[in-house]
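> Structure in structure tokens, see below.
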Amino acid sequence: MGSTNSTLSKIPNVEELVQETGFTPAHIVRLYDRFEALDKEKTGHLRPQDFGAINRLAINPIGDRIIGAFFSPGQETVDFHSFVRILAHFRPADKKRPKDPSMPEPVNSRTSKLKFAFQLYDQDKDGKISRAELLQVLRSMLEMQVTEEQLESIADRTIQEADLDTDDAISFEEFRKVPPGGALRLTYQHGALTQIRFIIVKNYVRFDNGKQAMKGNRYLKFTLPC
Amino acid sequence: MAALWHSTFFLVMVLLAISRPSLASQAGNDDLQMGTEHRTNKGTVNGTENLITTLPIVTWNWQEIKFPYLVALWILVSWLCKLVFQLNPSLTSVIPESGLLICIGWVLGGIIYWADKVQTFKLQPFIFFFYLLPQIVLDAGYSMPNKLFFSNFGSILVYAVIGTCWNAATLGLALWGCCLGGAIGDIDIGLLQLLLFGSLIAAVDPVAVIAVFEEVHVNEVLYILVFGESLLNDGVTVVLFNVFNAFVSLGGAQINAVEIIKGIISFFVVALGGSLVGVIFALLISLLTRCTKNIQIIEPGFIFILGYLSYLTAEMLSLSAILSCTFCGVCCQKYINANMDKRSVSTLRYVMKVFANGSETIIFVFLGITAIDPSIWVWNTAFILLTLLFIFVFRFIGVFFLTWILNQYRLVPLEFIDQLMMGYGGLRGAVAYGLVVLLDENKYKEKNLMISTTLLVVYFTVMLQGITMKPLVTWLKVKRAAVTERTLAEIIQNRTFDHILVAIEDISGQIGHNYMRDKWNNFEERWLYWLLMTPSARKSCDHIFNIFHKLNLKDAMSYVKEGERRGSLAFVRNETKADVDFNKKFSGNFSAMMPYIMAENMGSDHVPVSSILWDSVHSVCLDMHEKDLKMRESEDFNAHHLLEQHLYRGKKQHRHRYSREYLEVNKDKNEVQEIFQRTMRSRLESFKSAKMGVNPPKKISYHLKKDQPQKMPNGKSTDNRKSHAYGKEDLEFSEGDSASGCEAAGGSFPMRAHRGAGIVNPAFNAEMDPMPAMQQILPWLAEAEVDSSAVVPSQRAQLTLPCTPSNLHRLAPLHLTTHSFLLADSPATQDTSEPPPPPVV
């Protein structure tokens, strides 16, 4: 536990962060380690190119958009607190938390997750996914041999399907209605039935220097609205 | 079904063909067995040799070629069996293939027994251990997903060593207890012999496990745990077996503390020594493949022969041969894959699979055949049932207990269901049988009881547990809710979520920076690469993307630099057409080309990747526009099908899959490369576009003269420091961008004119041909602002927007470079995150 505490003391306002994001201190420590590893110049801020240095992001078709989501407009760096706050979107929703209408909606709720995804499409932040925006996303997610015409017709049909008020754009309300509410979503991939749920630090055995992996901090799971 | 009967009939015919000659040869010796046949027949051959009186035109040479002929026939028969089952997918989906092979083994054995009245063919331990097992083990080691294996190495070791010892000890003790209690009846067996029996039957068999788990898709951690355990615990079992065998020979009276300590020491020596031998041979192989460039044809042969030698050497030194062969495969895979020619690697992989899969098939068939022999069957209901029960129960107890301990240390604990599957996946197989047959009948009075129990255990686990495994997985794990994605919006959204999660996972560091791993990587990069890899392979091997990435950036830079040198980027502009087309359709060619680029260009840094790429794309995509126009008319394609086919998959972790059956042709790889290319290009673009909006013209003109000589060094130093790559990139792209920058608040608008991503700097258009360029841009600009995709510039960018009239910059000389210091605080890179400008029109 020693190293956890020493790392924790380096992070300002841990309690606040813990309370706000719902990560445990151990999670925060882990994320802090990661943050420092990404922050090659030790400035305490991450720049887009720091994210760009993650090799695997380069093979993610929407990786650049996701990097972009970490930076609020007008900001060119992200500090640790914002970093954690953004990641907190993807914490699994707390099932046990009692519904308390007086509390503000937690950041990892289904709605805010959807909101995050929505913003990836909605690059001009006008609250609507226009046809052009959808086309952009499609262009980056589909293989290159798909022709422009095919793309356009896919986009048109997609908008038709989702568009309830026939304004030729998908609003957030329409967007969130796309998957049938609350159903457990499974995808068939690589021959295996896998839930769209990622355990972030899979198969990571701490036999080495990690006293950090003590009880209670072993989960660092991220989910999306499913 | 007809096909099945046809093939079965054919099999029976083949079988009769085999057994009839053996009938004929039966006269002299009754108990022929495959291994000894050869030698015993020589005498008769010699005896008949002198009897010819005239020159025979053809002779019946059965006796001479009998042995190889039978071997070949048996291999043929076993493989035909497999073929028969593969014709019936409905059958194999219920019963695992290994079980089916055993069944057909029974049938074949029955036929042979009926024809010969004695079981002529058996699985001989010698043949099993020296001709059938090595290639399976080598293949398993060679195709081991190393990263996964070593990141779970601790857990695997715990299961393989402690778990196996636990199983062996508890089974032996429990059976002994039952013996003492009189539950089993009157058998002549002592504690040591029971412990020996326990140890040989404790091991989970990799052959059986893989055969079953391959068909049941479980998560990869579970898979590697079971697989790794089964592989390593074979070694452990053999060691335990030898130790106990020695104890039995010594006799109970002579065993004292010293002997026991010796036994424990020998256990570790044998296991570690075997692994060491494997590692040494892996080093040898890697070193050897460094210099086999000139004999590419037999290059793959070296791996087989050295792998086999590692097995034999370890056996010779009485070390653990299985461990040796495993570690040989595990350790050398990375280096030989990098060192050898691509074709040799694929040859190696295929041949490895052929051998492994082939001998696996033979093993199962013979496991079945062996059973049809009344002489080995000794029935003792209590003993057999108790063994089955204890194996099952203690396996579960062991797994739960060990997992409980491991979960204290694992970052992601194994879930209950995983543990259940691990326990249930404890299939026994041919190794246990091979060991039990090795026992000396004089020392072990109840050898036949042990053999029959072992066979039953094998059948029970492979058949029953194998059959129930799949339903169990589906029942426990995920309810097989048949969720069909109906709407396009759903499909797309789901796929987006997929990608988002993968990205988030990557950002937050999926595998944390592990101290040991870092150390090892450093060591490897520093020494092992230097020692074991050819210089050209060294560059490409580990961080292939890393280097590809660097090369790409460098090429892009040299590309632009070249344009600067020539005074214009006219040649770039020429290729923009190719770029447009490139996006259109022919990525088939593109991705087919990628491996070529990867393979060829890693070696020499000086060949610009992009130039090859662009050239060939250019030549490939002629006349695409017309075709597309035609396409436009026929728009009734199946969008769902299209999406299904062409949506990029989320890069989950399911690519680490060991299969003895299939060598996947990796579609993933092409996808990865395609996405990677696109990402890189869009990033390059956004650097440029970012630059356009933000660079104060004043600074540009200010640094203009001063920086000219520094340019080259700057460009060169880029490669060394990766983290700066983007910044430097900006430097190279920055010049002249401000020409159009003032017209829009940043953004990548001009690119849109070119429909899609590409390393195209529109600013050069403006420079070359200012007026038309302006006209060209403006309409797009207008549209870009209307359509929502225009980039919202950062506040800072807005602050620093150039206020000078645009034509003023255009008057600036061509060779502009910003000072690199500017980049540190320049907001230029802020727009990296922007999406690749897609075709809007």
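Positions of Cβ are set from backbone N, Cα and C atoms, glycine also.
Pulled these features from TrEMBL for this protein:
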DOMAIN    B:92-475  domain 'Cation/H+ exchanger transmembrane'
REGION    B:697-723  region 'Disordered'
SIGNAL    B:1-24  signal peptide
TRANSMEM  B:94-114  transmembrane segment
TRANSMEM  B:126-144  transmembrane segment
TRANSMEM  B:156-184  transmembrane segment
TRANSMEM  B:190-213  transmembrane segment
TRANSMEM  B:264-285  transmembrane segment
TRANSMEM  B:297-314  transmembrane segment
TRANSMEM  B:350-372  transmembrane segment
TRANSMEM  B:378-404  transmembrane segment
TRANSMEM  B:449-467  transmembrane segment
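I'm curious about the neighbourhood of these features; can you describe it?
Away from its own ends, the transmembrane segment (B:94-114) comes close to residues 11-12, 15-16, 19, 77-78, 81-82, 84-85, 120-121, 207-208, 211-212, 215, 360-361, 364-373, 459, 462-463, 466-467, 469-470 of its chain (Cβ-Cβ under 8 Å, at least six residues beyond either end).
Packing against the transmembrane segment (B:126-144) from elsewhere in the chain are residues 34-35, 206-207, 210, 227-228, 231, 234, 278, 303-304, 307-308, 311-312, 315, 321-322, 325-330, 332-333, 348-349, 352-353, 355-356, 359-360, 362-363, 430-431, 433-434, 658, 660: each is 6 or more residues past its ends and has a CB under 8 Å from a CB in it.
The list of residues near the transmembrane segment (B:297-314) in space but at least 6 beyond its ends in sequence, with Cβ under 8 angstroms from a Cβ of it, reads 130, 134-135, 137-138, 142, 273-274, 277-278, 280-282, 284-285, 288-289, 320-325, 328-329, 332, 336, 340-341, 344-345, 347-348, 351-352, 355.
Within the same chain, residues 94-96, 98-99, 102, 187, 189, 197, 200-201, 205, 208, 211-212, 367, 370-371, 376-380, 383-384, 387-388, 391, 424-430, 432-433, 436-437, 439 sit at least 6 positions outside the transmembrane segment (B:449-467) and bring their C-beta atoms closer than 8 Å to a C-beta of that stretch.
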> Taking a Cβ cut-off under 8 Å, which residues six or more beyond the ends of the transmembrane segment (B:264-285) line up next to it in the same chain?
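Contacts of the transmembrane segment (B:264-285) (Cβ under 8 Å, skipping residues fewer than 6 from its ends): 141, 161, 235-236, 239-240, 242-243, 302-303, 306-307, 309-310, 313-314, 317-332, 335-336, 532.
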> Please give the sequence-distant neighbours of the transmembrane segment (B:378-404): residues at least 6 beyond its ends with Cβ less than 8 Å from one of its Cβ atoms.
158-159, 162-163, 166-167, 170-171, 174-175, 178, 183-185, 187, 201, 414, 419, 422-423, 426, 428, 446, 448-449, 452-453, 456-457, 460-461
